[in-house]
Structure formats: structure tokens, C-alpha cells
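K.L.:
Feature list, courtesy of TrEMBL:
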- 52-474: domain 'Major facilitator superfamily (MFS) profile' (DOMAIN)
- 50-68: transmembrane segment (TRANSMEM)
- 88-108: transmembrane segment (TRANSMEM)
- 144-166: transmembrane segment (TRANSMEM)
- 178-200: transmembrane segment (TRANSMEM)
- 206-228: transmembrane segment (TRANSMEM)
- 325-345: transmembrane segment (TRANSMEM)
- 352-376: transmembrane segment (TRANSMEM)
- 382-408: transmembrane segment (TRANSMEM)
- 420-443: transmembrane segment (TRANSMEM)
- 449-466: transmembrane segment (TRANSMEM)
Amino acid sequence: MWGRQREAFSMYKRLSSRDHSTVMDVEENSALLQNSMDVESTNPSWRLSFPHVLVATISSFLFGYHLGVVNEPLESISLDLGFSGNTLAEGLVVSTCLGGALIGSLFSGWIADGVGRRRAFQLCALPMIIGASTSATTKNLAGMLIGRFLVGTGMGLGPPVAALYVTEVSPASVRGTFGSFIQIATCLGLMGALFIGIPVKDIAGWWRICFWVSTIPAGLLAFAMMFCAESPHWLYKQGRSAEAEAEFERLLGGSHVKYAMLELSKFDRGDDAETVKLSELLYGCHFRVVFIGSTLFALQQLSGINAVFYFSSSVFKSAGVPSDLANVFIGVANLSGSIIAMLLMDKLGRKVLLLWSFFGMTISMVLQVTAANTYVSGSGSLYLSVGGMLMFVLTFALGAGPVPGLLLPEIFPSRIRAKAMAVCMSVHWVINFFVGLLFLRLLEQLGPQLLYSMFASVCMMAVVFVKRNVVETKGKSLQEIEIALLPQE
């Protein structure tokens, strides 16, 4: 492996005009690589980067919270604001944030590259604070929709920046584990929103408190980011190598700084400062990785997961389970799967988890199809339906949920990473919107058997796609992954 790295280093080496201490001749670099073997045999401590990752995942908590914050209070909101019984208005309150999220995700890459990862987090928190405050104080539907749209822009900006940041500040040995925190924080946000919404039917105006509460973690994110490390990868791309070294020391420890900087210098080809054009992402040498990323997000959404999240209550209700208890069951299954994924991510690897996750989701949908079969008895059908739904959520959280957001920043080259994530997250939001919009209509027109069969087929297609196209990134540095996916001539 080290021979391969030296060969790759010789290929990519360039005497940079940037002012940094790692510029030296090839012989010195080769010696440094040899000396680094002892350093790299002991991985950097996870404790140094852990606080920075923890702060970043507040954005994911907010993402989950705002996805679920209107579920329980929607009836009270519609009564207080005067649009009760207007299903179109109620749908807009739920989905307007998705439109804002699409806008936020489209610009996330340019913002993250333009102002840095830390300031991007602060810009993500700002519309969430303003939007939540607007929703909490509004007296009419228009104010609610404006607030939800503003919150949505922050929701769209946060997840891709969080994925970028966690990938770039985490040691390779725990990058998968830390990446799983994003999914866990999202689950906790969803469960937190459900928990906060419990008193809404008993206390007049409680829904306003639900929105006010979200401003606390948003303010904490904006404040705490002032004390967090900036991404060394971003600093290096800006030509601020001395600052990149200082941040590596904060994140990895002093003994690993020179090796980390040497890894970055391999890819200093002088083009990082150039503007990345959209055309570069849609065809040419970068098309393959962007295609893989976009397809993974498309398959994730077309698997039917959001249909399950949005409409699970009706399935549990038909089985005699109250909606609030059903939400708890779904939340526990989601959180349990995310925790198991965190424990296995850096042991089994990303590809294995993706394969088994999509395969488990296929089996779960087959159970749903069986439950919808008229030949299955009433009680048997209910047990299969509820069991299949819980299994679907659990297996989704094991891989299909957390892995794409972690894997994509790993496989994207440094130069295009932020903007490629923006493109892929935009695909995620567009398909999410249409699944939510069309699911009930398709269920009515096609029936549960055919619709769930379509979801099962998508999950099986995902298994084949992952098997053929996804590379394993467990334990590899970002530079090693770039060499594997984009060999230079």
C-alpha cells in the first residue's frame, strides 16, 4: 500500500506557489512518508474531533425537528389561523419547507465553498431562527408559510454542509461512526418534535411554543460554531496552509499534522481555486461520481421510506394502535437502527451496510405486499403489515438512511465536493417532494399490493446498483479514495 502511495505521490507532486511548510523535494517527502508509517499505525484520537462533530450535528437535529414539528400541532394551527378544513392550506404548511429546502440545498455548495463550513452553519441557523420566530408569532396563514419557507432554506443548507464538515474533520478510522451521528441527531430531532407536541391538544397556543423551542438549538449552533475548527481541506483550498496545519493539530493531534498536510499536498495541482462549473458535474471526468451520488439519493427516496414515515399512523390505527404510540414505535425503530449503524459503520464498511439495508427493505416490502393480499386473514394481515413497517424503518436506518450522506463526501474529489453534494441533495429534495405529493393518489389508483411491489422492486434495484457501482471507503483517507475513483493520466 505504501509503495502505491509513493507512486501516486510522485504522480501528483507539484511545487506549489502557496506558502506552506510541507513544500520540499521528492526525496524528503518519500522519507517523510516512510517515517509516517509509525504514526499512521496508531490512529488519531477521536476525542479531539468529537466536540466539533457534535456541534455540527445540531444542524441535523434541527432538520429532524422541523420535519416533524407540524405533525401533531397541525390541527391546532389550522384552527387558530383560520384555515381549518382547507386541506390545500394544511398541505402547504407541511410542504412549503420542502420548497425552501430545495433552494437551500441548491446553493449549499457555493455557500460552503465561498464562506467556509463554519460560517455556512451559522448562515443555516439564521433563517431557522427568523423563520421559526415568524411562524410562532404569526396571526395568519401567509405568515406561517413565509416562516416555514425560511426554515426550509436552513433545512436544505444544513445536511450537505454537515456531511461535508464531518467527513473533512474526522479521522479516517472513525469517519463512519461520526457520520452516523448525523442520522442519530435527525432521529432525535424527529422524536423531540413529537415529544414537544404532546400537550398541544390540551394547552391553547402550545403550537407557538413548539416553534419557539427550536430557536434554542439554532442559536446554540450559531454561537458554538465560533469555537469550532474550520475544515482544513477548505482552508488548504483557499491557500491558507498555516491555518490548515493549526486546525489539523486541533483535530488530529500534533504527531499527525505533517502526514495530513502531505496527503493534501498530493492533490495540490493548482486548480482548486478555479470555479467549478455545473457542466463539469454533469458530464466529463466527474460524471461518474456525481451519477453514483445522485442515484443513491434517488433510490433512497424512491424506496418508499418517506411514504412510510408520512402515512404510518393509518396502518397502526387499523391495527388498533393509537397514533402517538405508533409514532413512538417508528421513532424507536429508526433510532435503534441508527445506533446499530453507528457501531458497525467502521467495522463492516459502508458498502456492506448499504447492501444488507436495501435487501432488508426489499423483504419488508414483500411482507407489506403479502399483508395486502386478500388470501391472508385479518389478524395475520395486520401483524404482517405492522411488522413489515417496523422492519422497513429499522433496516432503512441501518444503511440506506445514514450511508449516502456519509459516502458521497468521501467519494467526491476535494475540488468539487461541496458543489457535487449540492447537486445530489437537490435530487433528494425533488424526489422527496413528489413522493409525498403522489403517494396517496398512487395508493388510491394502484392499490397497496402494486404500489408496495414497486417499492420492493426499487429496493432490489438498489442492491444491484450498490453491488456494481459503490466502492468501499472504510478506513481510507479521502486522498486514497480519490486516487481509486479518479485515476489521473
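Just so it is clear, glycine is given a Cβ too, placed from its N, Cα and C backbone atoms.
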K.L.:
Are there three or more C-beta pairs under 8 angstroms joining the transmembrane segment (352-376) and the transmembrane segment (144-166), sequence spacing 6 or more?
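P.N.:
When sequence-distant Cβ pairs are counted, the transmembrane segment (352-376) does not touch the transmembrane segment (144-166), since fewer than 3 lie under 8 Å.
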K.L.:
Suppose I define contact as three or more CB-CB distances under 8 A, residues 6 or more apart in sequence; do the transmembrane segment (178-200) and the transmembrane segment (420-443) meet it?
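P.N.:
Stretch pair does not touch.
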K.L.:
For the transmembrane segment (325-345), find every same-chain residue at least 6 residues outside the stretch whose CB is under 8 Å from a CB in it, and list them.
P.N.:
71, 176-177, 179-181, 183-184, 187-188, 190-191, 194, 308-309, 312-313, 315-317, 353, 389-390, 393-399, 401-403, 406, 474
K.L.:
Verify whether three or more Cβ pairs under 8 angstroms connect the transmembrane segment (382-408) with the transmembrane segment (88-108), leaving out any pair fewer than 6 apart in sequence.
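P.N.:
Per Cβ check, the transmembrane segment (88-108) does not touch the transmembrane segment (382-408).
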K.L.:
So which residues does the transmembrane segment (206-228) touch in its own chain, when a touch means Cβ under 8 Å and the partner is 6 or more beyond its ends?
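P.N.:
Hits for the transmembrane segment (206-228): 51-52, 55-56, 58-59, 61-62, 65-66, 69, 73, 76-77, 80, 118-119, 121-122, 124-126, 128-129, 132-133, 135-137, 147, 154, 193, 196-197, 199-200.
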K.L.:
Determine which residues of the chain contact the transmembrane segment (420-443) at the Cβ level, with the cut-off under 8 Å and only residues 6 or more beyond its ends counted.
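P.N.:
Hits for the transmembrane segment (420-443): 95, 98-99, 101-102, 105-110, 156, 159-160, 163-164, 278, 281, 286, 289-290, 293-294, 296-298, 300-302, 304, 306-307, 310-311, 408-409, 412, 451.
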K.L.:
Are there residues at least 6 beyond the ends of the transmembrane segment (449-466) whose Cβ is under 8 Å from a Cβ of it, and what are they?
P.N.:
295-296, 299-300, 302-304, 307, 351, 354-355, 358-359, 361-362, 365-366, 368-369, 372-373, 400, 442-443
